[in-house]
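What Swiss-Prot says about this protein:
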- 143-258: 3',5'-cyclic AMP 1 binding site (BINDING)
- 261-375: 3',5'-cyclic AMP 2 binding site (BINDING)
- 41-50: compositional bias 'Basic and acidic residues' (COMPBIAS)
- 64-82: compositional bias 'Polar residues' (COMPBIAS)
- 83-97: compositional bias 'Low complexity' (COMPBIAS)
- S103: phosphoserine (MOD_RES)
- 41-102: region 'Disordered' (REGION)
Amino acid sequence: MTLPPAYVDELNLLNREVTTKQPTDILRFCADYFNERLAKREEADDDGPRSKPLGGGFREPGFGSSSRSTDGSLFRSSFADTSSEGPGSASSEPAAPFTRRTSVSAESIAPGAFAGAASGVASNNLSAEQLESLYKSVSHNFLFGNLDEEACRSVLQSLQEKKCDSGEKIITQGDEGDYFYIVESGAVEFIKDGVKVNSSGPGSSFGELALMYNAPRAATVVATQPCVLWSLDRVTFRKILLDGTHQRRSMYDGFLKEVPILSDLGSYERNKLADALTSQVVEPGTAVITEGEAGDAFYLVESGEAEVTKKGESGVVATLKQGDYFGEVALLNDLPRQATVTAKTKLKVATLGKDGFQRLLGPVLDHLKENDPTK
């Protein structure tokens, strides 16, 4: 049997990359390589007619992806096949041994395929008070806790209002799940196999796993008072997060190329580093790190300015701007912080934890040590 020429060409290209880069994690390298190839193809497709239907790429969250988030990954932990619909954790009962697993599935969505999708989603007209209340409701939810400000705003603007009368079924046990709900007012109860297992009111949410998989509902949810709910469907949620993940990786890749100390990193190393970074916004006058404290993170300045001060030295000893870095000394030498860094303007930094610092910055650790100000 003759192999397809396109397949042979792809393998030859991959072999060339592997020979050149000599990666230690071959599986991750191949996954990142094909992700990048697919992303470039999607960008090229945006300039002309698509030759394939929307969503025909690899399965979300990514080819060869692990349980950790790329966007930080989308999801940090593994879950049961059925959703625990709300605080009642209706699926928390131990499953009978050797029972057949309930299958779940999710749409195949290629990163970048929905570029600008968030702007195309119908926007609601939430008041400032409603936005604040809804933000508090979702900020502690495991699916939303790692969203950056822009992605969270897109999610909130995509919520659709749903009003329910007392006694109305909102979801039914066993039905396919496709919506997540936040309770703005009223009360609901959770019923599993005909038995009430819990209830909740304003500020609570339920149906999270519907945003990940079209899994069967684990419980029935009934309004016990007239309710105002805000709902989000799975496809919209995944569009927002996947588009955000793709844009975030592209943004960090461009940013990391401009950081002088990281100039020796190849695209493979930059992609791994970009996936591990998290953004943090610091208000003016707030200390990012404080002299004498233990260090657990490395920082890169994305935007804004910060001032460096040291005990025993008068005034500002240095001003940090976009592309500058700090916090490496404590991680290189297991020392307390050697200076205090305070935001001069609104500051946005990319942070990398100690484990990631040592694991992902191997190629540039020698440069960091050479520039170690404590020597």
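Cβ coordinates come from backbone N, Cα and C, glycine included.
Note that the structure is predicted; figures quoted are calculated from it, not measured.
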DSSP state at D366 (3',5'-cyclic AMP 2 binding site), helix/strand/coil:
helix
Between R248 (3',5'-cyclic AMP 1 binding site) and P336 (3',5'-cyclic AMP 2 binding site), the C-alpha gap once rounded to whole angstrom:
31
Shortest C-alpha distance to D233 (3',5'-cyclic AMP 1 binding site) - which of the binding-site residues I261, A276, K321, P336, T351:
A276
Test of understanding: give the count of other CB atoms lying within 10 angstroms of the CB of A218 (3',5'-cyclic AMP 1 binding site).
28
Top Cα neighbour of L143 (3',5'-cyclic AMP 1 binding site) in the set of binding-site residues I261, A276, T351, D366:
A276
Same chain, 6+ residues apart, C-beta under 8 Å of the C-beta of I261 (3',5'-cyclic AMP 2 binding site), given in sequence order:
Y325, V364, H367, L368, N371
To the nearest whole angstrom, state the Cα distance for the pair P336 (3',5'-cyclic AMP 2 binding site) and G203 (3',5'-cyclic AMP 1 binding site).
41
